[in-house]
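Scroll down for the structure; my scribbles are underneath it.
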Amino acid sequence: MSLGMLSPHLNTPPPNNQGILIGDKVYSEVFLAIDNSIIPEDRLSTTPSMLDGLDHETETDLRILGCERIQSAGILLRLPQVAMATGQVIFQRFFFSKSFVKHNFEIVAMACVNLASKIEESPRRVRDVINVFHHLKQGKGKKSTPLILDQNYINTKNQVIKAERRILKELGFCVHVKHPHKIIVMYLQVLECEKNQMLVQTAWNYMNDALRTSAFVRFEPETIACACIYLAARVLQIPLPSKPHWFLLFGATKEDIKEICINTMKLYSREKPHSEQLERQVEKRKIFLEEARLKARGQNPNGTPALASINGFSPASKPSSPRDVKMDDKSPNSKLKEPENRQLFAKSPLNGSIKKEDGKVFQNGKNHSRSRSRSTSRSPHRHRRSHSGTYSSHSSHSPSPRQKARRPSPISQLRTDRDRPSETSRHSNKRRRSRSRSRSNSRERVRDRDHIKHKQERSGSGHHWDHRDRERDRSRDHGRNKRQSRSHSGHSHSRHRR
């Protein structure tokens, strides 16, 4: 059955034990064959699902349920029995390499049906496969609701396509399956029992039921065919040659046939698996593995970093963290400046005048009115800063309206002289006035410049605009002179009348 190998001589290892490098592995020989791939015994005892925490019974139920879904979907899709058998064998092979916890068995079953239909040259659309599995999931005896073509359907379709690629990659594109269907008919012809239709059909049925077990990934198809014929003959009580045993002629052993028959008969005494219960168990294991993975990384289940220490240290329990800012505490500069400000300025909400702490009132000047307007701002931030005396911005506040000057009495004159602002504050007020005047003058210059520029642009477009402007200016001057002459004449007449 083997086609050959890549070494120079057939069935001889390469010289000097030099293997063939494929990827990151070194292989001594490469055989191209159409034989079924047999899983070794060491991989059967510890499957990936068992390593993830699933028990043997749960894994067996999941395998049986997945194969039943593939068989039922193939019947509804009108696939040949060979295609359904190929899908079940691929399903069994894949989950001896991957875990049921990390891969959804229903998505993998859809991908196996889709892939098997292509292998056996009877392809079906992915949409039809998804619709059939949706119908089977709703259960028998219940009203079937059609699948809505929404975002959930698109996600399922993409998952099926990705699962099909994953199966091909994991199996190394060795998805050919040699089925024992033809072998059964050939062996019965050798035994001269091919005319017994009951025996042929019973052996065929046992072979289809054996697809739910691991027999097709553990034994050769010839051994499986002999076991199915042996089991059907025992049930129907049909005698077959026993001295020597007839199956020894076809290369099968008594131990292998016995194991295949026992595993097949266990299916009929086994309780039917419940998909909801199995899905809940798989989900629990998935959550447990995710929490264990996050715990190994030092994170909580919600993804936040976990800090494990003896004293139960937490950044929030730090007594004096540099990020904790107490609003009641004030800087030493504000504590020093606060009594001075209280002594200089005591606000009166009634008349806007400034009181000293001894209760005496005097009329405030221009500088005090500016400080009062800043301190009575609506913003609490500005009020706090102006009250503490640590912030003074004169450009952002407009001066208060001037009050009418009153002639003070001699006693109040002495008080005002004593509390009169210094020369520096007076010069600062002059500086402010000069700044405001310079700003207003600069604004007027900008306006005049823009007006002249606009005129020049209009004049550049054509001389008729300049002519119109001159005529308009002359008419305005003429009208203004007329009004002035009338007003002068009116004044003169009124004088003569008087």
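Glycine residues also receive a Cβ, built from the backbone N, Cα and C atoms like all the rest.
Bear in mind that the values here come from a model prediction, so they are computed numbers and not experimental data.
Of the candidates Ser314, Ser321, Ser409, Swiss-Prot records phosphoserine for Ser409; the remaining residues carry no such annotation there, which does not rule it out for them. Ser412 is the residue among Ser45, Ser317, Ser412 that Swiss-Prot describes as phosphoserine. Secondary structure of the region 'Cyclin-like 1' (68-169), assigned with DSSP and counted as helix (H, G, I), strand (E, B) and coil, comes to 69 helix, 0 strand, 33 coil.
In the predicted model, the region 'RS' (366-396) has a mean pLDDT of 44. Across the region 'Cyclin-like 2' (182-266), DSSP helix (H, G, I), strand (E, B) and coil residues number 62 helix, 2 strand, 21 coil.
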